[in-house]
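Novice: My questions will all concern the structure given below.
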Amino acid sequence: MTEILTAAQMRAIEHIAIESGEVTGLELMERAGKGVVDAVFMQWPELSETSRRAVVLCGPGNNGGDGFVIARMLKAHGWDVRVYLLGDASKLPPDATTNFLRWQALGDVETIGDAPRLAGEADLYVDALFGTGLGRALDGAVLDWVRDRAAAKDVGAKTVAVDIPSGLCSDSGRVLGAGADVVSAQLTVSFHTAKIGHYLNVGSTTCGTLVVADIGLTSQSHDGFVDIVEGARLPSLSKSDHGHKFSNGHALVLSGGANRTGAARLAAGGALRVGAGLVTLGVPHEARAEIAAQITAVMMREIDDVVALDQMLDDPRVSALCVGPGFGLGSTQADMVRAILARKCATVLDADALTLVAQMPDMIERLHERCVLTPHAGEFARLFPDIALALERAPTSGPAYSKVDATRDAAARAGCVVLFKGPDTVIASPEGQCSVNAAVYASAAPWLATAGSGDVLAGFVTGLMARGHAAKPAAEAGAWLHAECARVFGPGMIAEDIAEQVPAVFRAIGVR
Ligand SMILES: NC(=O)C1=CN([C@@H]2O[C@H](COP(=O)(O)OP(=O)(O)OC[C@H]3O[C@@H](n4cnc5c(N)ncnc54)[C@H](O)[C@@H]3O)[C@@H](O)[C@H]2O)[C@@H](O)CC1
Ligand SMILES: [K+]
């Protein structure tokens, strides 16, 4: 998996590299500027063909320092470059000052209030106002510029954001302030690794194309770092050449009553597709005929109450459970959830099971480390109302409380893995290990927003746990497969199609 960093982690990595004498801050700034110019010419080759006009907006920190480097490099390409500075040049930090002076030898520096706004006035706008040091909402002349630029609605406008679009918090992907004012970039060039904010919340819709430039820093893995889930780095999902069905686990998916069995059937199909050796639907008597008419490889067993459930769970071959999709919210269902939690089996709690946990104060304490909760935003708010509130409150200062923070806090409180759904799905363990499955940028899967898709995800995670994967890797692999199946299928996809894509996706990542 690839690490993505907070601003503080990035600063620490830079600091260590500079302190060790491996590189100077000035060298890093030069490489950052070059990385942006190279990415601009790669993204828009037409800009490299003839000299053009650039407007470079520089802020009061090192992001502004990068801007002066970019201005100098574009000038060296023969461009007409105009530079606008926010604030007092005498207060720039040292490396930015050096590059300010280098630029001053080549051209003027005007004040930000005079910066042009319209596409006709420049071929390229460079946003070097704020990067990882954004501390509060945009205001004053910068805010005016951002609003005017947004109102201009230029077709084919080209704005490159240096490190991160100004106004966006690099830890959370949230816009600081109540107004949602942020530079809208077509290209964002970050350095060393992407930042968490590029992937969460509105980060991906604000950055345009995201490019990460190598500035020669060495990676320094750390337990606290957040990972991006990647298909190429999932645990092995191949089946053993010598296995039999029971060696691949037996998943039990509990269904609700008649006329609401679809969700459990979708989950069961998902569990089977990702390789559980057997999948059984636990079905109330009244729904038997309905389910029997619609399943083939999935098996069925009548489970009406806790007694029948306990009998089934006495079979040690049942290796994972899924409870919640279409399950119901009655007292029998609540008793069954309690009975399941008492068994300490690998269990995915989704949909109605999450609502039951939220309604019964004793339930949260019964959750354990082999559970995975899979809430969407509404379910998350029911389960963890105070945490959800902190996440919804408009952030006034940076770094802002993020979905990563919220999921980590929820997992610590629940004592189990929490998979907080969305295009920016965050998965956290109670110990704070955390990853993001980002169905954004080239991995976007917008057709996942369809009825029943969450049921399939619950089934995927259950199937992988039934096969013996631990809760967090199962949640990560399930989330990645889910989004990738939808991406591969593309437009027109409905929930039934998701699991059907598993064979193609498995083949593509070498699963056998
Ligand atoms: N430190 C280094 O060696 C390197 C830093 N790099 C660049 O440096 C950036 C980080 O630099 P800094 O830490 O100086 O932070 P920034 O340049 O992002 O901004 C910090 C400055 O902006 C002010 N500020 C924050 N929010 C404001 C607001 N809303 N309105 C007005 N002023 C505000 C702060 O008081 C501070 O003066 C990175 O994003 C990256 O672009 C790169 O050059 C790579 C090397
Ligand atoms: K920026």
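Using the three backbone atoms N, Cα and C, a Cβ is placed for every residue, glycine included.
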Novice: Let me know which member of Gly452, Gly454, Gly459 TrEMBL also records as binding AMP at the site of Lys421, Gly422, Pro423, Asp424, Thr425.
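Specialist: Candidate in the recorded AMP site: Gly454.
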Novice: Considering the K(+) binding residues Asn63, Asp127 given in TrEMBL, which of Ser20, Ser48, Ser90, Ser166 is annotated for that site as well?
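Specialist: K(+) site check in TrEMBL: besides Asn63, Asp127, the record includes Ser166 out of Ser20, Ser48, Ser90, Ser166.
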Novice: Roughly how many angstrom lie between the C-alpha atoms of Asp127 (K(+) binding site) and Asp163 ((6S)-NADPHX binding site)?
Specialist: 9
Novice: In angstrom units, rounded to an integer, how far apart are the Cα atoms of Lys421 (AMP binding site) and Gly65 ((6S)-NADPHX binding site)?
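Specialist: Roughly 38 Å, rounded to the nearest whole number.
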Novice: Within the domain 'YjeF N-terminal' (10-223), what mean pLDDT does the predicted structure show?
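Specialist: Averaged over the domain 'YjeF N-terminal' (10-223), the predicted model reaches a pLDDT of 95.
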Novice: Within 10 Å of Thr132 ((6S)-NADPHX binding site) by C-alpha distance: pick out those among the binding-site residues Asn63, Gly422, Thr425, and say none if nothing qualifies.
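Specialist: Near Thr132 ((6S)-NADPHX binding site), where near means Cα within 10 Å, the binding-site residues are Asn63.
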Novice: Can you tell me whether DSSP puts His376 ((6S)-NADPHX binding site) in helix, strand or coil?
Specialist: coil
Novice: Can you tell me which of these binding-site residues sit near ligand 2, meaning the Cβ is under 6 Å from at least one of its atoms: Asn63, Asp127, Ser166, Pro423, Asp424?
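Specialist: Near ligand 2, sequence order: Asn63, Asp127, Ser166.
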Novice: Taking the binding-site residues Asp163, Ser166, Gly422, Asp424, Gly454, which residues show a Cβ-atom distance to ligand 1 below 6 Å?
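Specialist: From Asp163, Ser166, Gly422, Asp424, Gly454, counting a Cβ under 6 Å from ligand 1 as near, the near ones are Asp163.
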